[in-house]
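According to Swiss-Prot, the protein carries these features:
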BINDING   10-11, 31-32, LYS38, LYS53, 75-79, ASN92, LYS144, VAL170, LYS178  NADP(+) binding site
ACT_SITE  TYR140  active site, proton acceptor
BINDING   ASN169, SER180, HIS187, PHE201, GLU202, GLY203, SER204, ARG209, TYR272  substrate binding site
ACT_SITE  LYS178  active site, proton acceptor
Amino acid sequence: MIIVTGGSGFIGSNIVKALNAIGRTDILVVDNLKNGEKFVNLVDLDIADYCDKEDFIASIIAGDDFGEIDAIFHEGACSATTEWDGKYLMQNNYEYSKELLHFCLDRQIPFFYASSAATYGGRSDNFIEERKFEQPLNVYGYSKFLFDEYVRKILPEAESPVCGFKYFNVYGPREQHKGSMASVAFHLNTQILKGENPKLFEGSETFLRDFVYVEDVAQVNIWAWQNRISGIFNLGTGNAESFRAVADAVLAFHQKGQIETIPFPDHLKSRYQTFTQADLTKLRAAGYDKPFKTVAEGTKAYMEWLNR
């Protein structure tokens with residue numbers, strides 16, 4: 001059996017899809033379906049069972065026997081960078097992850113988890129997987145940073161794979177439930193379908209992010225499991241592109257509309273990453289050699305999926 005936490009969420013459901021593609025359907029999805037919209041991400045996927053997150057945590061703490069587990073992909077967390085309830089974030093993103101990590105270590109179960117580029121904070125270069133380059137700007141980033149630090153201390157003694165991925169700007173199918181936290185490509189497409197012009201913040205041609213297509217993210221996770229990879233790795237394309245490039249790709253697909261600019265919100269100015277670009281040196285050195293989709297390629301594929 002394979003367990004995917006956050007399995008009805010954005011990245012989790014894409015990992016389930018990738019597992020299905022290699023013939024694995026013996027999958028336990030763990031999630032919180034309080035946001036009932038997420039169920040649609042599982043409708044076309046094959047899984048063996050579903051477990052509520054709270055029940056799962058209780059079972060983990062109790063040391064319950066789940067039978068033979070080949071791997072746990074831990075994608076379940078609060079991913080809202082705008083969430084400021086620190087107690088909630090630390091419980092949800094840090095304590096839960098520690099419990100699951102030790103459950104895996106005790107049983108030598110390969111453990112793969114979601115970290116984030118938010119751990120780097122507002123830096124404009126050297127996005128390198130080391131403590132000295134990490135300075136998160138928000139509580140979400142701090143919760144991910146602290147778990148990375150916890151893992152770093154444990155890795156030298158771990159007898160089974162423990163692997164974290166610092167996800168950069170992930171976009172693509174199955175993110176529709178995320179609301180305001182969905183990608184800019186999703187929101188621009190929605191605006192055009194409503195008959196509106198797509199809107200970008202002022203200066204968006206200078207805001208550069210490492211936009212990575214979610215199917216590529218899922219493939220890296222599968223590769224890490226199949227190759228028993230351990231460590232903490234950046235997961236982006238290695239190339240920063242502008243929000244304007246995303247908008248241009250959306251407009252190219254729809255063949256209509258023109259970009260409108262709107263004022264940049266004051267409350268985000270000190271907490272906004274204006275540049276991100278994954279340094280892939282460590283991931284490539286570990287053996288991952290497949291190319292990543294560009295913004296033009298990924299956005300085109302995403303638009304075809306959204307407008308199918």
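Glycine is no exception: its Cβ is also placed from the backbone N, Cα and C atoms.
Feature annotations (Swiss-Prot) mapped to structure.
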residue	record	DSSP class
LYS38	NADP(+) binding site	helix
GLU75	NADP(+) binding site	coil
TYR140	active site, proton acceptor	helix
LYS178	NADP(+) binding site	helix
HIS187	substrate binding site	helix
GLU202	substrate binding site	coil
TYR272	substrate binding site	coil
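TYR272 (substrate binding site) sits 27 Å from LYS38 (NADP(+) binding site), taking the C-alpha atoms as the reference points. Each of the binding-site residues ASP31, GLU75, GLU202 was scored by how many other Cβ atoms lie within 10 Å of its Cβ, and the smallest score goes to GLU202.
The Cβ of ASN169 (substrate binding site) lies under 8 Å from the Cβ of ALA117, SER183, ARG209, ASP210, PHE211, VAL212, GLY236, THR276, each of which sits 6+ residues away along the same chain. Every protein chain considered, the tally of other Cβ atoms within 10 Å of the Cβ of ALA77 (NADP(+) binding site) stands at 24. The Cα atom of GLU75 (NADP(+) binding site) lies nearest to that of TYR140, taking the recorded positions TYR140, HIS187, GLU202, SER204 as the candidates. Residues within less than 8 Å, Cβ to Cβ, of LYS144 (NADP(+) binding site) and separated from it by at least 6 positions along the same chain comprise ASN93, ALA114, SER115, SER116, ALA118, THR119, PRO136, LYS166.
The number of other CB atoms found within 10 A of the CB of SER204 (substrate binding site), across every protein chain shown, is 20.
The binding-site residues shown are PHE10, ALA77, LYS178; of these, the one with its CA atom nearest the CA of HIS187 (substrate binding site) is LYS178. Residue pair GLU202 (substrate binding site) / LYS178 (NADP(+) binding site) shows a Cα separation of 23 Å.
Mapped onto three states, the DSSP output places PHE10 (NADP(+) binding site) in helix.
Nearest in space to SER204 (substrate binding site), taking C-alpha to C-alpha distance over the binding-site residues PHE10, ALA77, LYS178, is LYS178. For the binding-site residues LYS38, LYS178, the greatest number of Cβ atoms within 10 Å around a candidate Cβ is found at LYS38. Local packing around the Cβ, expressed as the count of other Cβ atoms within 10 angstroms, is greatest for PHE10 among the binding-site residues PHE10, TYR272. Site extent for substrate: the farthest pair of Cα atoms among ASN169, SER180, HIS187, PHE201, GLU202, GLY203, SER204, ARG209, TYR272 sits 20 Å apart.
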